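Worksheet for the structure shown next.
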């Protein structure tokens, strides 16, 4: 092998090792993030909603700290209802992995008619939450709070 080939091979291996350390993000959450950006016209990055209050982000418990946190609690509850649907009750079909069809036109979100029952339900959960986020004030003091003492 030529030295140039070895360098290319080494670069590919290093790239693959780096990519392997990136945690997988469920596709539906990627779509949800895009819906949030559509509804708020890109005014606030999606990551600001990932660790907000008691319910925005992974899990949730206690009393929501404000109206925005209530949007997240409602979204969590909606996903819980989706998981009970027979149509959403097979492998990789639940709310975190099932992708759906929707449109974003100038901040208006529409879940498309070609979604099956499960996809339509999940799309509506995400659409409702994204609209709620867009119309609700964001309080910087409620980002990255200590959920053990505040929730």
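Every residue, even glycine, has its Cβ placed from backbone N, Cα and C.
In the three-state DSSP reading, residue 75 (active site) counts as helix. As annotated by Swiss-Prot, active site applies to 75 (among others).
A 10 Å cutoff on Cβ-Cβ distances gives residue 126 (active site) a total of 26 other Cβ atoms nearby, all chains included. Residues or ranges marked as active site by Swiss-Prot on the basis of similarity to another entry: 126 (among others).
The Cβ of residue 57 (Ca(2+) binding site) lies under 8 Å from the Cβ of 49, 50, 51, 72, each of which sits 6+ residues away along the same chain. What Swiss-Prot records for 55, 57, 59, 76 is Ca(2+) binding site, and it gives similarity to another entry as the kind of evidence.
The annotation disulfide bond is assigned in Swiss-Prot to 38-104 (among others) on the grounds of similarity to another entry. The Cβ of residue 38 (disulfide bond) has 21 neighbouring Cβ atoms from other residues within 10 Å, across all protein chains displayed. DSSP classifies residue 38 (disulfide bond) as helix under the three-state reduction.
In sequence order, 60, 61, 62, 63, 64, 65, 69, 73, 145, 147, 150, 151 make up the list of same-chain residues 6 or more apart from residue 54 (disulfide bond) whose Cβ falls under 8 Å from its Cβ. Residues or ranges marked as disulfide bond in Swiss-Prot (evidence: similarity to another entry): 54-151 (among others).
Per Swiss-Prot, the feature disulfide bond maps to 56-72 (among others); the stated evidence is similarity to another entry. Cβ neighbours of residue 56 (disulfide bond) (same chain, under 8 Å, six or more residues apart in sequence): 49, 50, 68, 69, 71, 72.
Marked as disulfide bond by Swiss-Prot on the basis of similarity to another entry: 71-132 (among others). Around residue 71 (disulfide bond), taking its Cβ as the centre, 25 other Cβ atoms fall within 10 Å, counting all chains.
Taking Cβ-Cβ distances under 8 Å and a sequence separation of 6 or more, the neighbours of residue 125 (disulfide bond) in its chain are 75, 78, 79, 82, 95. Positions annotated as disulfide bond by Swiss-Prot: 78-125 (among others).
As annotated by Swiss-Prot, disulfide bond applies to 88-118 (among others), with the evidence given as similarity to another entry.
DSSP assigns residue 123 (disulfide bond) to a helix in the three-state reduction. A C-beta separation below 8 Å, combined with a sequence spacing of at least six in one chain, links residue 123 (disulfide bond) to 100, 101, 102, 111, 112, 115. Residues annotated as disulfide bond in Swiss-Prot, with similarity to another entry given as evidence: 111-123 (among others).
Sequence annotations record features per position, and here Swiss-Prot assigns signal peptide to 1-27 based on sequence analysis.
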Listed in sequence order, residues not in 55, 57, 59, 76 with Cβ within 8 Å of the centre of the Ca(2+) site Cβ atoms: 54, 56, 58, 60, 61, 72, 73
Spatial neighbour of residue 38 (disulfide bond) that is closest, considering only the recorded positions 76, 88, 126 and their CA atoms: 126
Neighbouring C-beta atoms (10 Å sphere around the C-beta of residue 132 (disulfide bond)): 17
